[in-house]
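K.L.:
Summarising the annotation, Swiss-Prot assigns domain 'Protein kinase' to 15-281 and lists sequence analysis as the type of evidence. What Swiss-Prot lists as ATP binding site is I21, G22, K23, G24, T25, Y26, G27, K28, V29, K44. For D144, the entry in Swiss-Prot reads active site, proton acceptor. As annotated by Swiss-Prot, domain 'Myosin motor' applies to 331-1046, with the evidence given as sequence analysis. Annotated region 'Actin-binding' per Swiss-Prot: 927-949, in sequence order. The domain 'IQ 1' annotation in Swiss-Prot covers 1048-1077. Per Swiss-Prot, the feature domain 'IQ 2' maps to 1075-1104; the stated evidence is sequence analysis. Annotation source Swiss-Prot lists region 'Disordered' at 1093-1164, 1200-1233.
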Amino acid sequence: MMLGLESLPDPMETWEIIETIGKGTYGKVYKVANKRDGSLAAVKVLDPVSDMDEEIEAEYNILQFLPSHPNVVKFYGMFYKADRCVGGQLWLVLELCNGGSVTELVKGLLRCGKRLDEAVISYILYGALLGLQHLHCHRIIHRDVKGNNILLTTEGGVKLVDFGVSAQLTSTRLRRNTSVGTPFWMAPEVIACEQQYDSSYDARCDVWSLGITAIELGDGDPPLFEMHPVKMLFKIPRNPPPTLLHPDSWCEEFNHFISQCLIKDFEKRPSVTHLLDHPFIKGTQGKVLCLQKQLAKVLQDQKHRNPVAKTRHERMHTGRPHRVEDAGKCCLEDDLVNLEVLDEDTIIYWLQKRYADALIYTYVGDILIALNPFQNLSIYSPQFSRLYHGVKRSSNPPHIFASADNAYQCLVTFSKDQCIVISGESGSGKTESAHLIVQHLTFLGKADNQTLRQKILQVNSLVEAFGNARTAINDNSSRFGKYLEMMFTPTGAVMGARISEYLLEKSRVIQQAAGEKNFHIFYYIYAGLYHQKKLAEFRLPEEKPPRYIAGETERVMQDITSKESYRTQFEAIQHCFKIIGFADKEVHSVYRILAGILNIGSIEFAAISSQHQTDKSEVPNPEALENAACVLCISSEELQEALTSHCVVTRGETIVRANTVDRAEDVRDAMSKALYGRLFSWIVNRINTLLQPDKNICSAEDRMNVGILDIFGFEDFQRNSFEQLCINIANEQIQYYFNQHVFALEQMEYKNEGVDAVLVQYEDNRPLLDMFLQKPLGLLALLDEESRFPQGTDQTLVDKFEDNLRCKFFWRPKGVELCFGIQHYAGPVLYDASGVLEKNRDTLPADVVVVLRTSENKLLQQLFSIPLTKTGNLAQTRAKITASSRSLPPHFSAGRAKVDTLEVIRHPEETTNMKRQTMASYFRYSLMDLLSKMVVGQPHFIRCIKPNDDRKALQFSQDRVLAQLRSTGILETVSIRRQGYSHRIFFEEFVKRYYYLAFRAHQTPPANKESCVAILEKSRLDHWVLGKTKVFLKYYHVEQLNLLLREVMGRVVMLQAYTKGWLGARRYKRAKEKREKGAITIQSAWRGYDARRKLKQRSRRRSESEAHIHTVLQTTPDQKYCPDSGGESNRGHEETSRNCPAEADTDGHPQAQSPPTGCDVTSGHADTAAGYTVAELSVAGTDVSPSLVYHTASAHQRLSPCEDSLKPGSEEGLSQKQRAPRRRCQQPKMLSSPEDTMYYNQLNGTLEYQGSQRKPRKLGQIKVLDGEDQYYKCLSPGACAPEETHSVHPFFFSSSPREDPFAQH
């Protein structure tokens, strides 16, 4: 949120709450008084919850910067009341409108048998239009115009309020595309934005809302107000524009005004400015004051009557879940178990009534019935995902998102795998339902990895492009079984996915029935390559389509290249490959293999005669053979040899035999089926590799799964073959699984636990499954047995069925040789046995395998190098060795393929041995594998119903629906869900789950009946039963218990959060104190170290100086002066000066001292080794001759080894001068030459004169100095001259004016 909450003022300093006015959408509204001037206002108190931040800021910005207008509520400011416990409150202080809303006024009048006068309605609408015009002129769309947002003042003023969802338009964005508002007042174009992402709207959406408000002013409620708000989103776009309930009771202008506001095409809808010129509104403009007084009188009259309860219609927003406050509004017909009368006619009536209202979902207890609407509905947007997130099921209408949410909540709450079983006939909507479940589970399990979520959402689209096709009854029929497992962490975050595929209908690649098509991907890739001008690269023709996709009409090629949907789907498939993580080389290899399959289908064969009268075959169109070989990167000669001949190994000898035309065509088609089947398995395995969970996030033991079964539905065509037999057997197995969980296991536990419950009769299909799957006399076992006989034919197969399958479920029609009938749970089906044996054998010659393993396409090599599993798919273990990387797999590297090829060429019998698995055995193992995955999870059933066979929207065929209800056991399910107990939980598990509801957290209640009773009574549940070891609950009991447990756990989490926050703050405080203490310790240590370092440096420098001084002193006694008359006396004076310091005589003149030795006068400074200067000697009164000074300096220069090399003016000399400052404790140097005496006498005279002219100081300003001060002891009246920078007066050795200090005076 951009608002700085802490910077806002505290409202308690200015405002005082007087009373509660009402309740808004997201907070209460109070009347407040200003503490300073007593003025009244209204305040809307909002909690700063994260999902309202956007609205708060939008409303604040609009109110703050919008200029004032008589028909827009005034804004006094925003305040923030801090509260650490609840997070603080925002106060929006607005103008007080004591008249209430127009909705309250109209309802109050209608309650008294009255209604608003048309003139007053016109006046209210006129004020609202002026307010909207003011907003629109400032590029603001209100987007929530309704009666509750039009307030009245006691003087009859009309004010627009509530700008929480208003939109600010800009010069570059004059439209919006967010679906937001209150459903009853939302315009059709606003609702359309949920489903149609290219839709948008402008300010005229407020005109539609105003038209609905006009109806509300007349009738008291908006149209269809009794409906659920979510249902209204279905109705508004489809229904004609609403009108008043009794249009004849109102004037024509009012009806016309409403009709103009409610034009569904907003481009033709008038604007607010145009509506101000409408006759119904224009007649008000000259009567504003009169009508205002009339409205004020009506308000005054209403004030004396009883207040009317306010009706709030919550607005809906894409960014926020919508919750219905009153759960009791849930319609009874939402759940068929609640119906008083339970029979077929009643159930069909309610299903048809709901379907007519576009309510396609209905509950049967905890089972969901979904009717295919055969149209796009706008009920699957993110807004609805938020709507069905962790709420009570009865709070919202039935929805597939509710079933997904139920499975997710059970997963997180009980840490147990879940299984969602979607079943129904072909064309009933199972695949789309699976899409929606994955979409909602991905939303619920939001992970930090956004890429992973996008990958999972793309998986279904990619797999269905390769595994779905158009059939006679379904344009997007699944031609394989798919079990998608979504993996979650213990906290509920999605972390990966895995697909298991079963029984791909490979025979569709080579042949399709009348009115059907091949797999979608062939049309997508052909159209995509055509528009990319790449057909020639993949050796595909541009004029005549390949035989596998040619179809029956001659316009196939034109349809493929001209259909925009095919090209769009191809681009979508490319996007899926990229998002999921396929490498570009992998995708290119996939395209080459698909193109190779299409080219193989175009190869033709012709018979040729030979000398030995043996049928042979040849390829009359070598260009097709060359194209296929080129795309597959194999030799055309080897391919032709593999198609037209085969090798037989007998007693160690290899015999090459020619293939007949029919056998060559079978080999060609078998090669195409094997290529496509193995390519499909590789794509699935590759997806599993790219979506496998990260082991660092969660271990395999802690991982939880939600399985989604989307399997081909029950089929009954005009011609049913081996594929339909396998599909229907699989549906029989799913129906048996449903019966076991819903009926058999439940009633068995009634008997074992001694529970008195009504037993429901149901149709058990176990005998039929035994007829199919038992050994050795089951149908599939007999089929495998006959397939192993080389002389076996389709006729002998049917005879064997008739001889061994003697039961009521099997019959053989008379007059039809190769047919047999099966009485399935969904009805009787007649099967054609032609080609069943060959399809079951699914023979692929070893010569074809060898040729394909020599391909230069590394992916193609891999497809025929990896062995097949018992379910007929490529083994994942081998793929992990070569495809463990998430980018480009290593099998694309050079040199690796030849090793695999040579390794597997030695064992071609893996794929060609007659003892290998048949299609029936693959099918049997596939069912076993599928059931082993399903039984580990808690099941959730979704029964899809096909309302008609014509695939027309909103057309309901009672006979077709009733037949499906009977076959799936829905009627019996309603009875057992009403009378039975769908949840049976052991005492120990029940107490472990729910003991928080009745016991304290530290308590450990025993797992017995008493504890269970305490929990159930504390939860205020009824109609439960206790058995010997289990608690028997209704389907709705578990939901109520889970909601109560979630509330308790929410409070626990809140308490833990506060505690953890307090502990964290305390740890932080202690860590901060410890850190500060450590910093002080470090700083102290550093300061000590630095002080010791500096002291050590000073000590070192002193030591060096002392060493230097000792060196100089050692050379002093050996100094020799030049002969001079005063030499002896000077030495005597030297000794005297060393022994006796200078003392002042009685006259104040210092006594003379002998000059010390070692004074360097040439360097211009006092030698620190001697400790005295020549100037000090002069002050003492000793006459120092120039010759003496000269010879002394000379002697010093000769006898000072440390300065012997220094020359005046050199850098060494300069540094030496700088290193000789006067010591701090040394006495002032004194000069006493005659010239100095004269100079200082003149100076003293000047100072005395200046002192006489200066005003005397006051006594308080005079500083009394101690006569014992050390400075004054050393300083005599004749020695008050400041220290010279030179040791000896310059004229002793130089006459240069620059060096003479007196020359400046």
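Note that Cβ sites are derived from N, Cα and C of the backbone, with glycine treated the same way.
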K.L.:
Which residues, given as numbers and ranges, are at least 6 beyond the ends of the region 'Actin-binding' (927-949) yet have a Cβ under 8 Å from it?
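P.N.:
Residues 351, 355, 364, 366-372, 374, 400, 403, 406-407, 410, 414, 416-425, 427-430, 433, 473, 481, 483, 485, 500, 502, 705-707, 709, 713, 729-730, 733, 737-738, 741-742, 773, 870-871, 955-957, 960-961, 964-965, 968, 970 contact the region 'Actin-binding' (927-949) from elsewhere in the chain.
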K.L.:
Grab the same-chain neighbours of the domain 'IQ 2' (1075-1104) for me: Cβ-Cβ under 8 Å, and only residues 6 or more beyond its ends, written as numbers and ranges.
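P.N.:
For the domain 'IQ 2' (1075-1104), there are no sequence-distant neighbours (Cβ-Cβ under 8 Å, at least 6 residues beyond its ends): none.
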K.L.:
Using Cα coordinates, what distance in whole Å links I21 (ATP binding site) and D144 (active site, proton acceptor)?
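P.N.:
One finds 21 Å between the Cα atoms of these residues.
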K.L.:
Using all protein chains shown, find which of the recorded positions I21, V29, D144 scores highest when you count other CB atoms within 10 A of its CB.
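P.N.:
Counting Cβ neighbours within 10 Å, the top one is D144.
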K.L.:
Whole-number Å distance between the CA of the residue listed as 'active site, proton acceptor' and the CA of V29 (ATP binding site)?
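P.N.:
So the alpha carbons of the residue listed as 'active site, proton acceptor' and V29 (ATP binding site) sit roughly 18 Å from each other.
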K.L.:
Using DSSP and collapsing to three states, where does I21 (ATP binding site) fall: helix, strand or coil?
P.N.:
strand
K.L.:
Reported in the order helix, strand, coil, what are the DSSP residue counts of the region 'Actin-binding' (927-949)?
P.N.:
8 helix, 8 strand, 7 coil
K.L.:
Pull the DSSP breakdown for the domain 'IQ 2' (1075-1104) and write it out as helix, strand, coil residue counts.
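P.N.:
For that range the per-state counts are 30 helix, 0 strand, 0 coil.
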K.L.:
Over the span of the domain 'IQ 1' (1048-1077), how high is the average pLDDT in this prediction?
P.N.:
92
